[in-house]
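Undergrad: Quick one: the structure is below, and I'll ask about it shortly.
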Ligand code: PLP
């Protein structure tokens, strides 16, 4: 499949790119997959575009919503999302930059910058730097230094000169009274990863000001957190007259921006008709940019770039290889200067599953997404080290650690690897490596689930399946052990249970393969309404028994989960005066919610009595309203917790009827029926015996939430329970932690249960 794609592209492409022989078809976080399903650690980030990582649901959702509202809208009319983005850019860019020309690429941003500089100053000269890169259209190319790029296209734009970088006296000599602007990068990226000195940049800014020239800073590659601050110029204490942005601005959607300072605007020459772009400022890209900026801020990715960048440079500097001349860079823009041409090393890295970039002929450039996990970055550095030292393994041999510590260590490390829904790739890779070291057969399946088994093949046998999940909800909780409590996002829900599964399966496997295969699955997307991981395995196995990995405490098993129905509603009206007779969209939406609540109260009085598990429980999860002077819109999400044997279709019909009369548009999503098994199943009995045998007092639980049991239970049958260490009241809280002794107790319990259930070839259901 990959080869076909490559042939097809080679047949029809322009031929201007030197390509690597891989066809990338999917990405998640800092992992890319080729058409054959092989994964790669991404140290290219789409040439610095994917700072927030691949496969971001936030960007997909923003694009989908905007695409349904409005995709195109030229700048000759106003637009809501564009207005919000312009305001946001003014808030986040350095002081003095308050006006923006939106375009579609870095090159266009540079072209725009030159036009505005010439307009504002009435001068023609542009001073650029040796080794600088600013793009490849005729104007931008004139400022790019590399002669292979420039010479075939001469004559280029006149009055462009190149001076030595980091050399103020060269600038003094070059800036004349015909210089419109000086353009620099703060880290020359394509030109070899050279970092500008602070005194140079400050001196240059002063010189430009003194001589009436403008300072253009090209942050197309260094922007959006890459070097440790949102923009690199924040680290230099300079305010450019023009700032060029692109690449990561819209999370992967093409977009550029020319940010204009006071000296440009006060010239009074940036007037109607001076510049333009059909696609510039289109609402689709603006929506993606707003969502991208939210992610960058919320996940504090600039700080992450500083920490990981320092760590990476330190490790790279410690590699003993005569090939390495220097390691340099800022944040996660890293250059390794070699004494040889870099191309063969890039090819070797690609073969070993790392995609990296060149920066000039002999510099290896690492430009990973800022969301890369430390483990993934370390793995990439290990492979670089192996390739540059010619050794087969630079990874120190693991210390011999006592089993119990190793089990705690596994969970602790799992907690340090972020794994939000749809970003589980790094954790999955880590788990595969660990499970293999623990004697299990492990791999990542086609939907991204981690799978580990006591047997290489199932050979038609009905396995015991332990189905946990890898993803967590957002929220960074520093990982630490304090007074026997292990803190970290996912400690309870559900990395604790998943780690306990792996350890228990490994303990059983260490005594020889059991009669019946044990398969541990770390599913993806349990926390998302999609449950993609569980849906991906539900038809793959016909288990004899299944344990779902969710916290129940080490002394209890869960035998039931409620069902769920999620409803998104939207009501929009033409704006009316608040004193007028018409109901506002907010009033219509809240009246609908009141109706939902009253209906549930009545239903519960009739059917549920005092039992919460048997009750119909609606909650208003979200309500938003917008008003643009012409139309008011209220949107809301209602989530129902549904009892067992509940008629969901009848509820949906009822809601639709109410919605119809109120002119509300409803979309149903995330529907799951409740699932309950019983205390007499063999698995529940095995747990009772195991908990007693390990000194505990067993109990049963029913849960008001949902889990992957709702997905697989209806297909896999009754011999199923949920089990795992941890107090589920701590799920999704900022205080999420697990007792270390409870975690190890759960492994003991699971080991007993697995010995019991996997030692028999046939189980009486
Ligand atoms: N300026 C810098 C510093 C760049 O790194 C690049 C691209 O690598 C450009 C300009 C050109 O941007 P684009 O390829 O989006 O046109």
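Even glycines carry a Cβ here, placed using N, Cα and C.
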Undergrad: Check TrEMBL for me: it has 527, 732 binding Zn(2+) 2, so pick out which one of 459, 493, 568, 663 it puts in that same site.
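TA: Looking through 459, 493, 568, 663, the residue TrEMBL assigns to the Zn(2+) 2 site is 493.
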Undergrad: Quick one: which of 433, 446, 457, 550 does TrEMBL put in the Zn(2+) 1 site with 469, 493?
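TA: The record-listed residue among the candidates is 550.
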Undergrad: For the recorded positions listed here (247, 469, 732), tell me which residue's CB has the most neighbouring CB atoms inside 10 Å.
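TA: Within the set of recorded positions, the most crowded position is 469.
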Undergrad: Which entry in the list of binding-site residues, 107, 221, 278, has its Cβ near the fewest other Cβ atoms, using 10 Å as the limit?
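TA: Comparing Cβ neighbours within 10 Å for the binding-site residues 107, 221, 278, 278 has the fewest.
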Undergrad: Sort out the sequence-distant neighbours of residue 218 (pyridoxal 5'-phosphate binding site) for me: same chain, 6+ apart, CB within less than 8 Å of its CB, listed by position.
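TA: 106, 109, 110, 113, 132, 134, 183, 184, 185, 244 - these are the non-local Cβ neighbours of residue 218 (pyridoxal 5'-phosphate binding site), listed in sequence order.
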Undergrad: Check the recorded positions 133, 218, 219, 221, 471 for any whose Cβ is under 6 angstroms from an atom of ligand 1, and report them in sequence order.
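TA: If the test is a Cβ under 6 Å from any atom of ligand 1, the answer is 133, 218, 221.
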Undergrad: Within 10 Å of residue 493 (Zn(2+) 1 binding site), Cα to Cα, which of the recorded positions 107, 133, 219, 221, 471, 732 are there?
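TA: So the list reads 471, 732.
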Undergrad: Distance check, please: Cα of residue 550 (Zn(2+) 1 binding site) against Cα of residue 526 (active site, proton acceptor), rounded to an integer number of angstrom.
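TA: For residue 550 (Zn(2+) 1 binding site) versus residue 526 (active site, proton acceptor), the Cα atoms are 11 Å apart.
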Undergrad: What recorded positions in the list 469, 471, 526, 732 lie within 10 angstroms of residue 220 (pyridoxal 5'-phosphate binding site), counting C-alpha atoms?
TA: none
Undergrad: Same chain, not part of 469, 493, 550: whose C-beta falls within 8 angstroms of the C-beta centre of the Zn(2+) 1 site? Give them in sequence order.
TA: 468, 494, 497, 498, 526, 527, 549, 551, 707, 708, 724, 731
Undergrad: Do me a favour and check the Cα-Cα span between residue 732 (Zn(2+) 2 binding site) and residue 471 (active site); whole Å is fine.
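TA: Spelling it out, the Cα of residue 732 (Zn(2+) 2 binding site) and the Cα of residue 471 (active site) are 12 Å apart.
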